[in-house]
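Peer 1: Below you will find the structure I want to go over with you.
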Amino acid sequence: MENLLSTVNAILITGPTASGKSALAVELAKRHDGAVVNADSMQVYDTLRVLTARPSKEEMQGVPHHLYGHVPAGAAYSTGAWLRDVSALLPALRDAGRLPVFVGGTGLYFKALTGGLSDMPEIPETLREKLRTRLLQEGPDGLHAELAVADPAMAASLNRQDGQRIVRALEVMKATGRSIADFQGRSGPVIIDAAEARKIVVLPDRAVLHQRINGRFEKMLQQGAEDEVRALLALDMPAEAPVMKAIGVSQIVAMLRGEMTRGEVLEKGAAATRQYAKRQMTWFRNQMDDSWERLTV
């Protein structure tokens with residue numbers, strides 16, 4: 001078994017949903033005595049294994065997988081939290097002689113992993129919860145107006161309906177008395193040196209990708225996605241919770257309420273996935289430079 005630890009510090013694999021990147025990660029991890037590390041912001045949650053395409057035990061093929069399903073559904077989990085988890089994990093992988101193989105479709109995770117993350121301040125949980133509660137109860141308009149008084153330049157740069165970003169800007173201003181823009185220009189430490197990593201972006205043919213997406217969403221319903229969403233609803237998650245925004249949740253909720261047929265769920269769920277994949281493809285083409293290998297799987 002070949003081990004690349006002496007020549008590269010990690011393998012990074014990204015690409016759109018349903019591109020085959022997870023299978024590629026397992027293949028490379030088996031070849032190079034590696035361990036797969038999740039870099040997908042939805043697959044961190046302990047719910048929706050099927051709907052977020054979290055690898056099954058069979059798909060893992062005995063390869064160690066890390067940072068999958070380790071976050072409670074209702075918990076806040078940021079790019080910074082992911083980086084902290086990665087930083088805590090890497091020494092153990094190194095000690096075990098395992099090459100980290102990062103795989104996922106969250107481009108910001110890879111940018112932060114190789115370029116550092118803005119050094120944002122810690123926010124008191126009581127303040128964060130207070131602002132989130134206001135967002136749920138009042139909507140974003142009043143919070144945006146409040147931000148416009150406290151930080152006019154930042155308020156002007158944000159979409160008035162982007163509640164999460166408005167809350168983030170407000171909580172930083174309230175906690176520190178300074179604009180979030182003051183912190184965004186400061187980067188934290190780089191965890192993976194991009195120059196010493198093998199970097200792969202999987203960009204399949206569009207027609208092939210769409211065919212995979214259509215088939216996969218139907219398979220998800222067959223494998224229990226409906227039961228997953230029913231269990232999620234039983235947790236009484238707020239609508240703003242990130243896990244509630246996973247692709248397919250809103251369509252399946254509509255079906256459970258009798259507002260959509262199974263056929264409509266398949267059609268609309270697959271369409272939403274195709275739109276998401278298109279946004280991912282555009283982002284990767286624009287953000288991943290020539291040092292990233294382009295592969296079709």
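Here the Cβ of each residue, glycine as well, is placed from N, Cα and C on the backbone.
Residues or ranges marked as ATP binding site in Swiss-Prot (evidence: sequence analysis): Gly15, Pro16, Thr17, Ala18, Ser19, Gly20, Lys21, Ser22. Residues or ranges marked as substrate binding site by Swiss-Prot on the basis of sequence analysis: Thr17, Ala18, Ser19, Gly20, Lys21, Ser22. Look at Swiss-Prot and you will find 40-43, 164-168 tagged as region 'Interaction with substrate tRNA'. Look at Swiss-Prot and you will find Thr106, Arg128 tagged as site 'Interaction with substrate tRNA', backed by sequence analysis.
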Peer 1: Determine, from DSSP, whether Ser22 (ATP binding site) sits in helix, strand or coil.
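Peer 2: For Ser22 (ATP binding site) - judged by DSSP and reduced to three states - the answer is helix.
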Peer 1: Cβ within 8 Å of the ATP site's Cβ centroid: which residues qualify beyond Gly15, Pro16, Thr17, Ala18, Ser19, Gly20, Lys21, Ser22?
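Peer 2: Along the chain, the qualifying residues are Gly105, Val202, Pro204, Leu209, Val297.
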Peer 1: Highest Cβ count within 10 Å among the recorded positions Lys21, Arg128: which residue is it?
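Peer 2: Highest number of other Cβ atoms within 10 Å: Lys21.
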Peer 1: By a simple count, how many Cβ atoms lie within 10 Å of the Cβ of Thr106 (site 'Interaction with substrate tRNA'), its own Cβ left out?
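Peer 2: A count of 19.
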Peer 1: Per DSSP, how many helix, strand and coil residues does the region 'Interaction with substrate tRNA' (164-168) have?
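Peer 2: Split into helix, strand and coil, the region 'Interaction with substrate tRNA' (164-168) gives 5 helix, 0 strand, 0 coil.
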Peer 1: Can you grab the distance from Arg128 (site 'Interaction with substrate tRNA') over to Thr106 (site 'Interaction with substrate tRNA')? Cα atoms, rounded to a whole Å.
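Peer 2: About 24 Å separate the Cα atoms of these two residues.
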Peer 1: Can you name the residues of this chain that are 6 or more positions from Thr17 (ATP binding site) yet have a C-beta less than 8 Å from its C-beta?
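Peer 2: In sequence order, Ala53, Gly105, Ile213, Ile247, Thr273, Tyr276, Ala277, Gln280 meet the Cβ cut-off.
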Peer 1: Starting from the Cβ of Gly15 (ATP binding site), draw a 10 Å sphere and report how many other Cβ atoms land inside it.
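Peer 2: There are 29 such Cβ atoms around Gly15 (ATP binding site).
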Peer 1: Determine the most Cβ-crowded residue among the binding-site residues Pro16, Gly20, using a 10 Å radius around each Cβ and all protein chains in the structure.
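Peer 2: Highest number of other Cβ atoms within 10 Å: Pro16.
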Peer 1: Tell me the Cα distance separating Thr106 (site 'Interaction with substrate tRNA') from Lys21 (ATP binding site), rounded to the nearest angstrom.
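Peer 2: Taking the Cα atoms only, Lys21 (ATP binding site) lies 12 Å from Thr106 (site 'Interaction with substrate tRNA').
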